[in-house]
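Asks: Copying in the features that Swiss-Prot gives for the protein in this structure:
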- 1-38: topological domain 'Extracellular' (TOPO_DOM)
- 39-59: transmembrane segment (TRANSMEM)
- 60-74: topological domain 'Cytoplasmic' (TOPO_DOM)
- 75-94: transmembrane segment (TRANSMEM)
- 95-107: topological domain 'Extracellular' (TOPO_DOM)
- 108-128: transmembrane segment (TRANSMEM)
- 129-146: topological domain 'Cytoplasmic' (TOPO_DOM)
- 147-167: transmembrane segment (TRANSMEM)
- 168-173: topological domain 'Extracellular' (TOPO_DOM)
- 174-194: transmembrane segment (TRANSMEM)
- 195-219: topological domain 'Cytoplasmic' (TOPO_DOM)
- 220-240: transmembrane segment (TRANSMEM)
- 241-255: topological domain 'Extracellular' (TOPO_DOM)
- 256-276: transmembrane segment (TRANSMEM)
- 277-293: topological domain 'Cytoplasmic' (TOPO_DOM)
Amino acid sequence: MRSGGLEMMSSSAIVAFNLKEGKNWWWDVNESPVWQDRIFHVLAVLYGIVSVIAVIQLVRIQLRVPEYGWTTQKVFHFLNFMVNGVRALVFLFRRDAQNMQPEILQHILLDIPSLAFFTTYALLVLFWAEIYYQARAVSTDGLRPSFFTINAVVYVIQIALWLVLWWKPVHLMVIISKMFFAGVSLFAALGFLLYGGRLFLMLQRFPVESKGRRKKLQEVGYVTTICFTCFLIRCIMMCFDAFDDAADLDVLDHPILNFIYYLLVEILPSSLVLFILRKLPPKRGITQYHQIQ
């Protein structure tokens, strides 16, 4: 009995020691300027890779259908190229960005790619909504004006928050700004759930022998799940970021948290979606290929 008790105490001591060592490792990495730069540079490389993949796909689409102008598909890939390219530059010069003055410039530099990411994937929701309503013989005339209006409202509100934060740099305004973006992320997640879910259910009702039905069904299902999950995670994380200093993403001494967060909400989702949507459009006779007016 006594030896068993000693073994249990020894096991508990080992577990406690391992937890302490793990905590110390996390702290050491977060506080080390060398590790901070390494992690931010790894993020820059990953974003750069995604950006290059997006622009390569854009060029392939242009070479395949040069007779079309700026279609939804081309704009989607171009925005992916821009968003990931800007993120790569931000993380490459992350330490310099943190020292920018006035401080409002730091917020703008870190927030603009997030807003552009929202616009990029809202465009995908618009594309699916158009397909869904066209298949049901419902007018889609109001969809694009709604898309531009929603984006304009989001950008105007965010710019107003930046201006107020510049005029009165209090912590309350930072909280409001982050909670606003949490709301925007939740709105995007619900958009994917609504129109991705509707399109998925509609495709399920098509005859089994329909050409491409199975592949398109999988494509819509996968992309809906990925995008809904990433925007929901972003929403939840923004709520923690707003109220908990330990979850602050806009500082240099949380590199591991930054790596996990941006990997889950931007890098992996963008990579997976670009892979799933890698199929090139047919050269002629394409009815779902919409040109941006």
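Keep in mind that glycine also has a Cβ here, set from the backbone N, Cα and C atoms.
On this model, are these features tucked inside or out on the surface, and what's nearby?
Replies: Across all of the topological domain 'Extracellular' (1-38), the predicted model scores a mean pLDDT of 64.
Outside the transmembrane segment (39-59), and at least 6 residues removed from its termini, the chain residues within Cβ reach (under 8 Å) are 29, 74, 77-78, 80-85, 87-92, 94-95, 255-256, 258-259, 262-263, 266-267, 270-271, 274, 278.
Residues 36-37, 40-41, 43-45, 47-48, 50-51, 54-55, 57-58, 61, 109-110, 112-113, 116-117, 119-120, 123-124, 127, 252, 262, 266, 270, 274, 277, 292 of the same chain lie 6 or more positions beyond the ends of the transmembrane segment (75-94) yet place their CB under 8 Å from a CB of it.
When the topological domain 'Extracellular' (95-107) is classified with DSSP, helix, strand and coil residues number 8 helix, 0 strand, 5 coil.
Within the topological domain 'Extracellular' (168-173), the DSSP-based counts of helix, strand and coil residues read 3 helix, 0 strand, 3 coil.
Away from its own ends, the transmembrane segment (220-240) comes close to residues 121, 124, 128, 178-179, 181-183, 185-186, 188-189, 192-193, 196-197, 199-200, 203, 247, 249, 261, 264-266, 268-269, 272-273, 276-277 of its chain (Cβ-Cβ under 8 Å, at least six residues beyond either end).
Long-range contacts of the topological domain 'Extracellular' (241-255) within the same chain, counting only residues at least 6 positions beyond its ends with a Cβ under 8 Å from a Cβ of the stretch, are 29-31, 33, 35-36, 39-40, 94-95, 98, 106-107, 110, 174-175, 178-179, 182, 261.
Remote same-chain residues near the transmembrane segment (256-276) are listed as 26, 29-30, 39-40, 42-43, 46-47, 50, 53-54, 57, 77, 80, 83-84, 87, 117, 124, 219, 222-223, 226-227, 229-231, 233-234, 237, 247, 249 (criterion: CB distance under 8 Å, separation of at least six residues from the stretch ends).
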Asks: Helix, strand, coil: count each for the residues of the topological domain 'Extracellular' (241-255), based on DSSP.
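Replies: Output for the topological domain 'Extracellular' (241-255) reads 7 helix, 0 strand, 8 coil.
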Asks: Any residues 6+ beyond the ends of the topological domain 'Extracellular' (168-173) with a Cβ under 8 Å from its own?
Replies: 103-104, 161
Asks: Quick test of the contact rule: Cβ under 8 Å, at least six residues beyond the ends. What residues does that give for the topological domain 'Extracellular' (95-107)?
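Replies: Sequence-distant neighbours of the topological domain 'Extracellular' (95-107): 33, 36-37, 40, 162, 165-166, 169, 174, 177, 250-252.
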